[in-house]
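As recorded in TrEMBL:
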- A:19-365: domain 'Luciferase-like' (DOMAIN)
- A:D57, A:T99, A:H149, A:Y153, A:S203: FMN binding site (BINDING)
Amino acid sequence: MSARQMKLGLFLWATGHHIAAWRHPDAHVRAGIDIDHYIALARTAEAAKFDMVFCEDAAGLREANVNIASQTSRSIGFEPISLLSALAAQTERIGLVSTASTSYNEPYGLARMFASLDNLSGGRAGWNLVTSASPIEAANFGATGLRPHADRYARAREFATVITGLWNRRPAGHDGESFSVRDPLDIPPSPQGAPVMVQAGASDDGKDLAARTADVVFSAAQTFEEAKAFYDDLKARLTAYGRQPDDVKIMPGVAPIVAATKAEAQAKYDALQELIPDNVGVALLSSYLSISDLGRYPIDGPLPELPESEGMKSRQALVIEQARRDGLSIRDLARYFAGARGHWRIVGTAGEIADELQARFEGGAADGFNVMPSWFPGELDAFATLVVPELQRRGLFRKDYEGRTLREHLGLKRPA
Amino acid sequence: MHLAVSLNIAAADGQDVLDFGQISTFARQAEAAGVDMVIISDSLTSGEPSTSPFEATTLLAALATVTKKIGLVASASTLAHQPYNLARRFASLDIISHGRVGWNATLRQSPLEAANFSRPAGIPNDDFRRRAEEFIGIVQGLWRGWDADALLFDKAGGRFHDPAKTHVLDHKGEFFAVRGPLNVARSPQDMPVLAMSGLAGADLDFAAGVADVIAIEEPSPEGARATCDDLKKRVLTAGRTPDALKVLTTVFAPDLTAARLEAWLGTESCDGLIFALPADLSAINGFTDRIVPELRRRNSDRSAYYADTTLRAHLGLGDGGAQ
């Protein structure tokens, strides 16, 4: 297969990415306490030849308001490195990528966890570096307040330097601002050399760190233009670090709803949207905008003027731009946003969805996509049985794995 | 009599390590012999440089998917982890294994560790001990954060859980401040089992108050009996029933002659035995060839073991403190 191939990740999230997924009549409501559910999802993705499954993470509840939290399924779930270690024993080929925080771990400890996952899976592990922007998480780690954005990224940069040094057997010994490590790693390298480095930060600091250290970048972009701008920006930053454009794969999130006809797909989407309680939608939007009191504004009115947040600068800008562009009320935006959490939503037939993915892939706006099914297992099954064969028919996606490791799937070099 | 196997998968530098197939085969053979639990460690307590293919908790997650009954316990250091992260990890492992998991904690620091965890000057032993005690209390507190009936799964009513049945910990102590609650559901066995090993005399009262299992090292069954009696008195003093703690004696399996094995198995010196094994294929094979048949012979009726679902049930422990 000579033509450039699309990369596909399956973004796992308990009952599904839609905030009301758990209320869908066919959604598996006990997903967050059922390992067999995750094994089945990973095997479905592996049978469809996905490059990887990916787990997002937060070391704390996702919603401070307990009444709002209790109307969603997001307060409980598996710690993802444990989850993926279990999946490693139950899958053969698919990559296993987990999020972990540089703010609440030590590099030597995290290096051991991922090196172990990498060995358990025969070279299929990846680490998604996050700096953790939530004050709820901070309160579980002795902090009285969230550290400023710039400080978190300084720590993250040092963390990335130390952990890649440990994985790549660079000479031992580090004594820096945030960390010190004396010994080499006591876990030997896997067949892929070192876990794949993933990042999703879209701020200036985040993009620079990604350009310096990441193999894969997850992003969020609604329009082709936004996706293209992000793609060009990030690839351009690589030269400053002596890297080639192909050294980093950019994979925007996509939340597809697919059915045999567009009308059927739209009906599936509308039915899910109806399951979102207003207070939950507004709370989710507030949390993404990093403000706590969006609920005090009229729900049918426009989004108020907002100060720049310390938590998620880039995501906030994305959401605000969306609202202004489409003239949305708070309720409109909350519902729209709750459906895909700021990611790109496509509702349509397999052919229509493949068209859209192909346009971004061939138009220089993506190297692949991180697929976010609205609810599990149904929307993953629909994507795997309808969209993947269409992509394969067009020669855009592999019909079988060529390699055994995640680096081989992604076409990445072994680390030096 | 309870029986456990302790396997340290770390090998001295330059020695061969075990692969996942060898470890999982071993765990399944121990399971078939009715062994209550396997305890995994991933570094040498001597502090010598060593190599291990896996970290213990990640290995445990994988082993949980290829075994059905045997308890799975991992050693994890209080210096290498934050309490919130470690509580999440073991709570997750417990759900993955359907209630078969335990944490092996120690109050004695490994000599290599501090220097690799951003404490180049080290940490005084006494600080390490007080910090570890606080750490254990936080982890057990977080494990109790969700009531057993907190999850409602009420799709039509839009109520996923009952917020009145989740509890913040709001711990503020000498070394840690942790708000909680945990973002993992309650354990199928109420709480993961807490095992403790490598205890000094000064640790015993604390351990008797919180541990489900204590591993001791004694050269003879008689010595083990005396230590066991002492620990059970401390358990009473801590306000628990003597059966709430199981005291197991660690014996080094490769050194056991047939006569020594008979002496240990034939004496109710305590609540049971832990057969300790190094990361060495011949030692593991020696155990499965020589000791496992003996255990199977003595323990021919394993119906209770196969009926029980959780590690707490295997060990005859009560629940982990449901309110």
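Every residue gets a Cβ built from N, Cα and C, even glycine.
In the predicted model, the domain 'Luciferase-like' (A:19-365) shows an average pLDDT of 92. Other Cβ atoms within 10 Å of the Cβ of A:D57 (FMN binding site), summed over all protein chains shown, number 20. In this structure, of the binding-site residues A:T99, A:S203, the smallest number of CB atoms within 10 A of the CB marks A:S203. Just so you know, the Cβ of A:H149 (FMN binding site) picks up 20 other Cβ atoms within 10 Å once every protein chain is counted. The C-beta environment of A:Y153 (FMN binding site), restricted to residues of the same chain at least 6 apart in sequence and closer than 8 Å, consists of A:T131, A:G201, A:D205, A:G206, A:L209.
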